[in-house]
C-alpha cells in the first residue's frame, strides 16, 4: 500500500486525526483531467518529473485524473504467483501494494502533495485517501468501509451471502522527499472480468471480490465522479485550481 519513510504509529486508520492535511497559504492544488487514456510509462515519467519539481519548490502540488488502457501494475509487495492470466501488459511500479488492474471506466487519481509542508505522517495520509474515497462514494449513496487487514475501500454484499464484500477502490502510495505520488483508483464502470487475470491486491478469499459504482446500480458518469471527488478533496486538503492542459509535468 505504501512505499515510504518509516512511520511507527500503530493506531487504527479510522481513528487517526485527518484534520491537519489542509495546507495554509501557498498555491491551490492544480487539478488536471486527461480525457484520452494515458499509457502507464508516460504517466509514471510525468509523475516523477512533477514530484521532483514540487520537492524543489519549482511547481505547485497536483492532482491528475486519468484513465489507463487495460494493464496490470505490481507494487513493491507484488507476487508473480498472483498474475494468473497475463492478458494485458504488466508493469512493475515503486508504489506500495500488490497487483491491481487499471483500464477504461476506472478513475485513477494521481495525487502529488508536499507532506512535509502539510503533515509528514504516512499512515494518516493513507487514511485521508481512504476518507477521500469514502466521501466520494457517499455522494452516490454508496457506503464504503475501511478494513484494517485489507487495503482499499470495500462495500458489503449481503446479496452474495454472509461476510461477502467487494472492493470498489484501491490505494497505492509512494513518497519521495515527502512528496506523495501514485494515489487512488475508483471503479466507476470498468470491465470487472479483467480483474480475473490477477489476485487483486493479494486477496484470494472467494468472499472478497471486486465491484464498481455501476455494478452496484449507480448510473453515474466519470464526470459525475470527478465533481464529487474534487469536492471531497477540497474538504480534506484545501482549494484546487482547474487546468486545461493534459501533461502532468
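Residue positions begin at 1 at the first shown residue.
The backbone N, Cα and C atoms fix where each Cβ goes, glycine too.
When the ranges 1-23, 24-46 are checked against Swiss-Prot, the one recorded as region 'Disordered' is 1-23. When the record's substrate-binding residues 95, 96, 97, 98, 99, 100, 101, 102, 170, 171, 172, 183, 184, 185 are compared pairwise by CA position, the greatest distance found is 16 Å. Here the binding-site residues are 99, 170, 184, and the one with the most other Cβ atoms within 10 Å of its Cβ is 170. Between the alpha carbons (Cα) of residue 99 (substrate binding site) and residue 167 (site 'Lowers pKa of active site Cys') lies a span of roughly 14 Å. Secondary structure at residue 184 (substrate binding site), as computed by DSSP, is strand.
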